[in-house]
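Encoded as structure tokens, the structure appears first; notes follow it.
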Amino acid sequence: MDKKNMSWFTFFKLAGALLAFLIGSGFASGQETIQYFSGYGYMGIAVGIINFLMMYLTYVAYAYAGRTRGLANLNEVATFYAGKYAGKLFEIFAWLFVACCFIFMCSGGASTFNQQWGVPMPIATAIMVVAAVATAIFGLKRTVDVIGWLGPVIVCFTLIVGLISAFTFFPRISEGIALLDSGAVTITRGTNHWLTAGFSFGGCSLLLVSNFVSTLAYDQREYKFGRFKMILFTGAFFISAVSVLMGLNHLGNIEEAATVAIPNLALASHIMGSVGTLFAVVIILAIYSTICPSLWNTINFFIKDDKSPKYKIAIVGFGVLTYVLCLFVPYQKLLGVIMTYCGYTGFIVFFVIVIRYFMVKSKDEKEGIKA
């Protein structure tokens, strides 16, 4: 059966949904880029390259299995590549990370409300949790429709802020590196070395959207694989490139960036006060665009029918649990601990899945099987 050409409208909607899911509170707030890019000086660029390669190759592997074997979710894809027991373990890794991400992202959104407008944390946290629950309760299709237009807007706005800020802060990068090396300024680093930081950050990036990409690839298998791979490339490239850009900006502004919960907000405020306010709104939307599918993924692991009463009750229940946890654990601590350890498990997933993908693809080519 011949595959259809994907319309550009569908392409941009799906690429936008993937970008929106990938953005998250760590990217949008700048905490992620501080911990995984700024802390390693110019080698943060290498972290970005490693992240891109890990993301793109693993996403293609997920999509290939869905298209050639008719595998509709991460459980089936992981079992296909890694076997019954290792596959289930990989699926649990992904679920655990996504569930934890939902928690720290709600906290990140609340911190943005608090830093920019002085909204008390209990109220700010409630706003984020209620918004996510109210969207995810309607299922995946509705979630994609809502967040699909947000991704490109958020990335473009962040890119503009990053490029404008570069004129001010890139000349100060050497000064920022000296401050970190001397110990005059201290920040939390994801790991002790840029190479392991790349592995850890890449592991987090691929775990976050594992189930989302697997399901998306299966649902869109009527289209040619080339266009779908462009969607995956777009998501991996833009997230990696903008992370490097913002990480270098924060390095040039390291004295201030090291002391605030939302470094990107501080960066935007240097351009113009009103830009800081607008960027705060962008950060909130960015976090919203990730917590909605994260919440769906967390519950979908156990309850596949996202229209059932059980699914809706579970969505609300996990939202309440998240609210309580966010009140007692600081955002920076949540992000640092979760990303570091989950990232290493993600690297193991990458290593196994990608090697198996190339083995399967090579065998399929000999047998005339194409995606």
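Cβ coordinates come from backbone N, Cα and C, glycine included.
Just so you know, TrEMBL annotations are computer predictions that nobody has curated.
As given in TrEMBL:
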type: TRANSMEM; residues: 40-65; note: transmembrane segment
type: TRANSMEM; residues: 92-113; note: transmembrane segment
type: TRANSMEM; residues: 119-140; note: transmembrane segment
type: TRANSMEM; residues: 147-173; note: transmembrane segment
type: TRANSMEM; residues: 193-218; note: transmembrane segment
type: TRANSMEM; residues: 230-251; note: transmembrane segment
type: TRANSMEM; residues: 271-292; note: transmembrane segment
type: TRANSMEM; residues: 313-332; note: transmembrane segment
type: TRANSMEM; residues: 338-359; note: transmembrane segment
Selected stretch (most C-beta pairs under 8 A with the transmembrane segment (119-140)) from 40-65, 230-251, 313-332, 338-359: 313-332
Proximity of the transmembrane segment (230-251) to the transmembrane segment (40-65), 3+ C-beta pairs under 8 angstroms: yes
Listed stretch, out of 40-65, 92-113, 147-173, 193-218, 271-292, that has the most CB pairs under 8 angstroms to the transmembrane segment (313-332): 92-113
For the transmembrane segment (92-113), sequence-distant contacts whose Cβ falls under 8 Å of one of its Cβ atoms, 6 or more beyond its ends: 24-26, 28-29, 31, 74, 78, 119, 121, 123-125, 127-129, 132, 204, 207-208, 210-211, 261-262, 265, 280, 283-284, 287-288, 290-291, 294-295, 297-298, 301, 318, 322-323, 325-326, 329-331, 334-335, 338, 342, 345-346, 348-349
Cβ-Cβ under 8 Å with the transmembrane segment (40-65): same-chain residues at least 6 beyond its ends: 71, 74, 76-77, 80-81, 173, 177, 180, 189, 193-195, 197-199, 201-203, 205-206, 209-210, 213-214, 216-217, 225, 228-229, 232-233, 235-237, 239-241, 243-244, 247-248, 251, 347, 349-350, 353-354, 356-357, 360-361, 371
